[in-house]
Amino acid sequence: MADPVVVVALLLVAGSATLAVAVRDPVRQALVLSVLGVVLAVLFTVLQAPDVGLSQLAVGSAVTPLLLLLTVRKVRRRGQRKGRER
Amino acid sequence: MNGWLLAAAVTLGGGLTATLWGVTTGPLGRRVVAQNLATAVACPGLLLLSQAYERPAYVDLALVLAVLGPVGTLVFARLLSDELTGHPPRAWWPTWTAAALGTAVVLALCAVTAPGRATVKLLVTGALLVGGNVVAGRALTGGIRGVRGG
Amino acid sequence: MTRRSTRLAVAEVLAWWVALGGLWLAFINAVDTLELAVGAGAAGVAALAARAARRAVTGP
Amino acid sequence: MNRRFRLWLVAVGSAGLAALLVAACLELPDFGGAWHPYGDRAVRASLDRHTANTVASVNFDQRAFDTLGEMTILFAAVLGCVVLLRQTRDEHRARPEPADVEPPVRRYALIVLPVALLTGLYVIAHGQLSPGGGFQGGVVAATALHLLYLGADYRALERIRPVGLYEVGDAAAACAYLVLGLAGVLAGTAFLANTLLPYGTFNTLSSGGTVPLLNAAIGMEVACAVVVLLARFLDQAVEIEEESRA
């Protein structure tokens, strides 16, 4: 592991993945997750796997946050309705 | 270890560490700005990596990130607009600093590549990145309002 | 649809087609006939999408 | 099975797994070493078939059957979502109110939408030459359409996105992949064997035999699948509401 860029990328992935687990609120978790996606894409590029990095970028930057936030919104709306009926 | 690789390591290490710190601490407004910053830092970093490894094909990653990164921020701007309208984030200096970084990296890379298609591709990537980040920053600071149903 | 609006629509799609075709030329790294044909097709699809999106937002 | 027993079971299982993983890691070749028995063979096979991007050659030529499996997984997952997230009898649709989007954001969405779509098509078409391929490009192209929701209005997105058409496109692209595979059988070789077309000139769009065609099929399948998937999620989050149980 002579390459400092690889070390930097690995440390960033370890840090952001741990933080993504440590943050508890789903909305804030989605924010950390999207940063984790970018960091992972950098790691894959540094390890000379640009195809995997591109997959990660394509899925992680917009589609995953959109799916997560739409789900959160649906669950919250249902919660609000239930609260009103009670 | 060449200079480009060192520049990439510094950009990615410093920039993404700052982003990570911003996105996990503080109020929601600060976190979304930090998320927008991730694209603005990683895209120049990927361009520098492509130059460091002397693989022009890696520019495609930066291009896709420049296109989709701001779209990801727009997702947050739109679906969190209720939470953000109360306390709109006021952090223009990180956005402009990141835009300056992107511009500087793109211009430096244009200076060392032979003029031609590759230069145009770099410029397009830079324009998409900087424009996208500024617009996404604007969308975060109250550019999208009144999202109730839609 | 009057002739004027038809002409405007064709002009809009053509303008997008030329711009996006130029973008395709910037993306690729070797030009040959097949590349140009595929680029023209892709730029055409994207140009039609651009017009459809503009119409969906601001009306015809 | 009480709590304590379960914890013990997890602890024993995890310890065994950890021991096996550590043992396997000790036997791994060094990080960044020069010995790549599989890689060397894959690169040789890919160069034999004039495919510049070895990953594309592995995905769509040497391991094309695995890609068929992955495509089927995505297809089944989207099908499951469509069934699960349909509008049930006790739900109704509410008209979403249009959001108030500032003109610069809307202009950005309208300009970047075609550019992102073109980028997606470029990534699909150059899968055998540069990083990328059907999956990546398909997701980019599908994301591009949703800029209309993010930068403008849900109604605008609905106007340019007939979901039924995308469902048909999804199925048609999956069939195209199968037909390309069966064509190999009819030509007298094997399912998904890359012997149908000439391999072409190295590093041009027509190189790689059937790789670009399979790439295009996967690109269309993924793009349509993501559009359908997001359409179901958007439906649920934006339009469909439960009836209040009065």
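Just so you know, glycine gets a Cβ as well, placed from its N, Cα and C.
Sequence annotations record features per position, and here TrEMBL assigns transmembrane segment to D:67-85 (among others).
Per TrEMBL, transmembrane segment is recorded for D:105-125 (among others). Through the fold, the transmembrane segment (D:105-125) approaches residues 132-134, 136-145, 147-148, 150-152, 205, 212, 215-216, 219, 223 of its own chain, all at least 6 residues removed from its boundaries and within a Cβ separation under 8 Å.
Summarising the annotation, TrEMBL assigns domain 'Na+/H+ antiporter MnhB subunit-related protein' to D:106-227. Mean pLDDT across the domain 'Na+/H+ antiporter MnhB subunit-related protein' (D:106-227) comes to 92 in this model.
What TrEMBL lists as transmembrane segment is D:131-150 (among others).
Marked as transmembrane segment by TrEMBL: D:171-193 (among others).
Annotation comment: TrEMBL describes D:213-234 (among others) as transmembrane segment.
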With CB pairs under 8 Å as the measure, which of the listed stretches D:67-85, D:131-150, D:171-193 comes out on top against the transmembrane segment (D:213-234)?
D:131-150
Kindly report the helix/strand/coil residue split of the domain 'Na+/H+ antiporter MnhB subunit-related protein' (D:106-227) according to DSSP, in that order.
85 helix, 0 strand, 37 coil
For the transmembrane segment (D:67-85), distant same-chain residues with Cβ under 8 A (at least six beyond the ends):
59-60, 167, 170, 174, 177-178, 181, 192, 214, 218, 221-222, 225, 228-229, 232-233, 235-236
Give residue numbers and ranges for long-range contacts of the transmembrane segment (D:131-150): same chain, 6 or more residues beyond its ends, CB-CB under 8 A.
53, 55-56, 59-60, 109, 112-114, 116-117, 119-125, 156-157, 160-161, 214-227, 230, 234
